[in-house]
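Under the heading domain 'ABC transmembrane type-1', TrEMBL lists B:187-375. Marked as transmembrane segment by TrEMBL: B:12-31, B:37-57, B:64-80, B:86-103, B:124-149, B:193-212, B:224-246, B:258-281, B:307-333, B:353-378.
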Amino acid sequence: MSDTTDTGPVLAADGTPLKRSLRRALRAQKLRALALIAPLLIFVLVTFIAPIADMLFRSVENQIVSNTLPNAVATLNDWDGTSDGLPGEDTFEALYYDMFLAAEAKRHTRVGSRLNYEESGISSMFRKSGRGVDDIGEDQIDALEDINDVWGDETFWFTMMSGPDGVAKANGILSAQRERLANLDQSSFAGEIGFAPSQQIADLLPRTVRAYTAFAVFTAIEDEDIVAEEEPWEAVKVALIEDLRSGIDLSGYDGPGAQELREAQQGLANQPAIDYKQGFIDITEDWANLDNWKTIKMYAPPFTTGYFLNAVDMQKTPEGFQPRPENEQIYGILFKRTLFMSLMITGSCILLAYPVAYLLANLPMRTSSLLMILVLLPFWTSLLVRTSAWKVMLQQQGVINDTLVWLGLVADEGRLVMINNQFGTIVAMTHILLPFMILPMYSVMSTIPPYYVRAARSLGATNWTSFWRVYFPQSVPGIGAGSILVFILAIGYYITPEIVGGTSGTFISNRIAYHISTSLNWGLAAALGSILLAAVLILYWAYDKIVGIDNVKLG
Amino acid sequence: MTLTIIEPKPVSFVALVVAAAGAFAGLLVGTAHDTPFMGVLLGAAVAAVLAVVWLTVFRNERTARWLTFVAFGAVGFFYVGLMGGVIGLAFGAFFGWFIFWLGEGRYRAKLPPYTTAYQVFLHFLFRVTCGAIFIFLITPILVVMPLSFNAENFFTFTPEMLRLDPEGYSLKHYRDFFSNSDWQQAMRNSLSIAPMATLLSVGFGTLAAIGLSSEHVPFRRAIMAILISPMIVPLIISAAGMYFFYSRLGLQGTYWGVVLAHAALGIPFVIITVTATLVGFDRSLTRAAANMGANPLTTFFRVQMPLILPGVISGGLFAFITSFDEVVVVLFVGSAGQKTLPWQMFIGLREQISPTILAVATILVAISIALLTTVELLRRRSERLRGMSPG
């Protein structure tokens, strides 16, 4: 009482202000809790959240075109994609080097199949080009080797490109080519290759050195051969021809091969220029097709909305986003079907679960625990066991048809088709998901006190009124919780539709699986998955708001 | 205690209802002999006569029920054989019970005395509907079990099986399961993947659940949402994401890739069950232990762990069953070397349909019954430990 005048802070036993002491204790507690959670959180982030994020990234990622055809794509920036003219000769020349390297690394078919998703026919165009690309400039190469056959000699090339011992090296070009190949092949091109171009020759013959360095890196790392013992690719010789024809001045050069270079420059002067455009068109007419070029230009940027547009039956055209042709619109139908069937399944689960949950909640404890086993047993049984059971029951020579035929309700020739269609999927999935509806309904209904219904009845309500106006509104939270749970589970189901769904009873998830394992269109699979994921997350959020994830109960 | 008056009902009413039931039974028997119409008439007549005779002439219930039981069984056996005998016995038992249940008015025993006839009717209609739904729930499992003993390679009941002929039954599909190297390899893979995944999810999950159940956890909701998400995200999306990501890391198609994926899927179950157990955990126990000089580790292992152990074990069982049953993720993340039992079943169902699947299914049902019983016993034990009554 005498301390009432003392307004100083309350102190803890050790003399620090109590407030601070408490705060410190609280912080220690928080840190301890976080330290306990952290390992699991990191584990889930790495093993589960990161893969999901990776999938989302893949649905927009489109680096394959710019990684495989970097030079051609760069020149296409200047090309007006809407005009009627084909891209210029410089694009075709750049395409030649890109295609040559891609064909050596066997990556040209990949970019071909990627672009084929957008414009059919491109795949075969790239495949043919990969085979025929080394024919371009054949005559000129023959002329070069006729002038002096050292141009077919690997040691000569190696010496000329490396320059004399101790000369300055163009390491920038080397690392640029390593990176270029790493992007192209999606693997590492680091490591010793036993070659580096000399700075002098790099300044003199830029194209040739780039091409030769790429050749050297690829030969040493990918083929694991010795660079000095391999004859350079045709593309290197073509690059040399272009360099020599561009009118460079060789008079100041005195390094290895100076004599042969001057001789070649003179000899090539009266040769015709290499016509890359005609060369490609000779391989396949498709290169003269403007649409193919528009597609390449359209899908050159490293990120694309193409997969998402495809997933909603749209396509990107130079005129903007447009719906796909009627006969190619499959995903809209599939999404609608997934939605419709999930709603049907949820609806039939509500219808079947409500009476059962009501019965279980209103029976004496002993009986209801006994009956609960009948609900929990299917819940605990392997999904594949239940699916195989439905396959056994529903097929044409199955148990249900046999029983119907035995009873004479159905003629032997007129056996019902109950599997490999929507009916089979809905029946099997209703059975599989029914426990997920019964359990939340039961837990809500068992908390509804019986007095209200009795009060309503004693006040004169009929059976129906007392149920509909008094009991039912109290059981709605259970219906909501169960429905969202069943719906979330239903729209992502894969196994059961795959086995009993045939073609007309499959879900969007079956299409995703198809694109991952069969058509290998991973980007589209990722886009479809992202859309499905978004739908599920919205429902998950709603579930959390209505029920709370903490309240999920098992068994 | 009960106010209900149980009184005998008029024979005319009983005879009518029993005749209707008899007509239905007659329909089943009649159609099997290609004379459904005769079946209905005969069934109704026999049932009605029986009801009248038992309730008016011969009122000794015990004897009457036994007589019905034996007579129906004998008739069935005489005309059809063993299976007919069994069905006859079942019908006999049912009608014997049904006639007296109705006739003595025992059906009202558990209903309030003021219920009208219509309400009684509705009550039993509701019960029958629920019964049908329970049958829907349980039939697929009950159909699989007998079919797995089929002597033929069919997915349906053969005439021999319906006659209860021992020739129609065999253990050959079980023998196939235990001798076929594909199935045995799949079994071994399942048994090497699931325990490892369980160990990972239980270890990390229990620690995190203890952390989550302390009073002050920042971002509790967000953390919970992340930890529960593997259960909510559709498996096909998890599978797709893991396939893409694990191939980047070189984990795709390896044992550890599948184990990590399955551990991630099992974590929500561990978190949910263990946090549920911790809700009822009395914190003063740990304080008391600390008060008496125990260090945190001792407190955890000697005081907290024994009390939450039932929850941890049932969470572990859930995680085990998740991994043991999982097929979508393993289909993508695994390669042929990690082919698990569900994967082998999936292939079997999709391509080469063999009844060995049914034998495997029966074994799996038996395993899940065992696990279900264990979980239930653990739950009761946990509630007893926490001083609550089971139930």
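Here the Cβ of each residue, glycine as well, is placed from N, Cα and C on the backbone.
Curation does not apply to TrEMBL; its annotations are automatic.
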For this session: Please give the sequence-distant neighbours of the transmembrane segment (B:224-246): residues at least 6 beyond its ends with Cβ less than 8 Å from one of its Cβ atoms.
Result: 208, 212, 252, 257, 260-261, 264-265, 267-269, 271-272, 326, 328-329, 331-333
Seminar exercise, completed: Beyond a gap of at least 6 residues from its ends, the CB atoms lying under 8 Å from the transmembrane segment (B:37-57) belong to 8, 11, 14-16, 18-31, 64, 68, 95, 99-100, 103
Exercise. Is the transmembrane segment (B:124-149) in contact with the transmembrane segment (B:307-333), using three or more Cβ pairs under 8 angstroms as the rule and ignoring pairs under 6 apart in sequence?
Worked result: no
Problem set entry | Same-chain residues at least 6 beyond the ends of the transmembrane segment (B:124-149) whose Cβ lies under 8 Å from its Cβ atoms | 107, 155-157, 161, 169-171, 173-174, 355, 358-359, 361-362, 365
